[in-house]
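J.: Pasting the relevant annotations from Swiss-Prot:
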DOMAIN    11-87  domain 'Carrier'
MOD_RES   48  O-(pantetheine 4'-phosphoryl)serine
């Protein structure tokens, strides 16, 4: 008997970085090229409602349940993308 495994698609850190750069650039109405992946999130100037939206949308997109604490502990695009990719 042959067993068939179904694999869920893997999200890489690079996928998350791209998603976050697009999201933040859209919210701030700036070019994605202006986004530095090592800049702490609070330096982007996102207000609290934008951060809540980011958390909800990123959780839905990635399938990884994250919260505000995850962003505080992984306070840059680079750090958060590594955290999510490891889940």
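Cβ atoms here come from the backbone N, Cα and C positions, even for glycine.
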J.: Are there residues of the same chain, six or more positions away from residue 48 (O-(pantetheine 4'-phosphoryl)serine), whose CB falls under 8 angstroms from its CB, and which are they?
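T.: Listed in sequence order: nothing, so none.
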J.: Check the domain 'Carrier' (11-87) for me and report the mean pLDDT.
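T.: The predicted confidence over the domain 'Carrier' (11-87), as a mean pLDDT, is 95.
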